[in-house]
Amino acid sequence: MAKKTLNDLGDLKGKKVLVRVDFNVPLDKKTGAVKNDRRIRAALPTIRHLLDAGASVIAMSHLGRPEKATPDERKNLTMDKVAAKFGELLTVPVAKAASDVVGPAVTAAVAALKPGGVLLLENLRFDPREQKNDPEFAAALAALGDAYVNDAFGTCQNDKDTSMVGLPANLKAAGKPRAIGLLVAKELEIIDGLMTEPKPPVLGIMGGAKVSDKIAFINTLLAKVDHLLIGGKMTYTFLKAQGVDVGATRVGDEEIEAAKPLLAFVGKKITLPVDYVAAKSDDLLQTQVCEGAIPAGFEGVDIGPKTIEHYKVQIKESATVIWNGPLGWFEQTAFSRGTQYIAEAMAASAGVTVVGGGETAEAAEQFGFAEKMTHVSTGGGAFLAYVEGKKFQSLAQIDDK
Ligand code: 3PG
Ligand code: MG
């Protein structure tokens, strides 16, 4: 059943709308600059829709994990740079609220907001109550607005975040309207369609490091896809679990345990790379393409040329392709071929192509293929959890139409 969306919020003229966005964007470690603004761009249609309807917007997000940051790292986690980027992309000035997330200065800034105005609150996680579904924090946020929009797909799996669950619950009690935004609506529609009636043949491509983190996702995919291609670091987990020597590639014991139940699918639904690029651990310039065992002192860093060719054919022959996780160490140009060629083949496909996961989306974008995919999800953990069929408390808060 479809959730209430922006058009169900009623007349918005002169209303102040609280919009939970996911502006948890990657930052440059040294300068704190926004390294990738994809998540900010993805929220713009909702913000524009609300402003065009005569509302003002109080946007709010978390940024990073301040509770785990050093004082220096924490300085980079204020929303100042995000607010500047948001304003630049929206081409409307965005005011950044005071350094407290809620409080008298914020209440005053909200009172001064005029229709068409946009205010971005400080990093929600600067207030430790954000991650505790705290009723008082929910009430303080709720007092700022007349309506609530959840357009933070990437955060929808967080059941304890006040701004995602406690806040809309508080607004419901006050009889104020709540809806999902255009981004969340689009993510749900595409992923629901993908999981209920994907057009066959369906291909899954899994990369990234940890099998253990993705086991439920892999099992869900196995039930839906005709083939599942493996790449990335998890390749070497599968190889080691099969008893193949992976040289200096580090593979944890718990990873091997997680991969073991999947070995029964290898050679059937699951395809492992037939070759891989290995680099010398203490001199990454020394590389070789391996089939079978990886020599001592070398570690697997990318899928090999035969595998790339084989995977490209599989992509071409599929009507639906779902990809999560880089195929190699793509941040290093020399080891990015697997990821780049897979992204390129998906971009060239006439079928439905969906990319999920923060790093995977970044890779698709870095190589210039993001716009050519059917959909690039803004969710990392949220994408995996939603595909797995997890029920989100945040979405349960928004009424069906
Ligand atoms: C994400 O990037 O995964 C979301 O923004 C949620 O952030 P979190 O993983 O720190 O809760
Ligand atoms: Mg996460």
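Glycine residues also receive a Cβ, built from the backbone N, Cα and C atoms like all the rest.
Please treat TrEMBL annotations as automatic predictions, because they have not gone through curation.
Listed in sequence order, His62, Leu63, Gly64, Arg65, Pro66, Glu67, Leu77, Gln131 are the same-chain residues six or more apart from Arg125 (substrate binding site) with CB atoms under 8 A from its CB. Among the features that TrEMBL reports, substrate binding site is placed at Asp22, Phe23, Asn24, Arg39, His62, Leu63, Gly64, Arg65, Arg125.
Counting only same-chain residues six or more apart in sequence, the Cβ atoms lying under 8 angstroms from the Cβ of Glu359 (ATP binding site) belong to Gly208, Gly325, Pro326, Gly380. Taken from TrEMBL, the feature ATP binding site covers Lys214, Gly300, Glu331, Gly357, Gly358, Glu359, Thr360.
For Lys214 (ATP binding site) paired with Asp22 (substrate binding site), the C-alpha to C-alpha distance reads 22 Å. Of all Cα pairs drawn from Asp22, Phe23, Asn24, Arg39, His62, Leu63, Gly64, Arg65, Arg125, which the record names as binding substrate, the longest spans 18 Å. When the alpha carbons of Glu331 (ATP binding site) and Asp22 (substrate binding site) are compared, the span between them is 24 angstrom.
Among the binding-site residues Asp22, Gly64, Arg125, Gly300, Glu331, Gly357, the residues whose Cβ sits under 6 Å from any atom of ligand 1 are Asp22.
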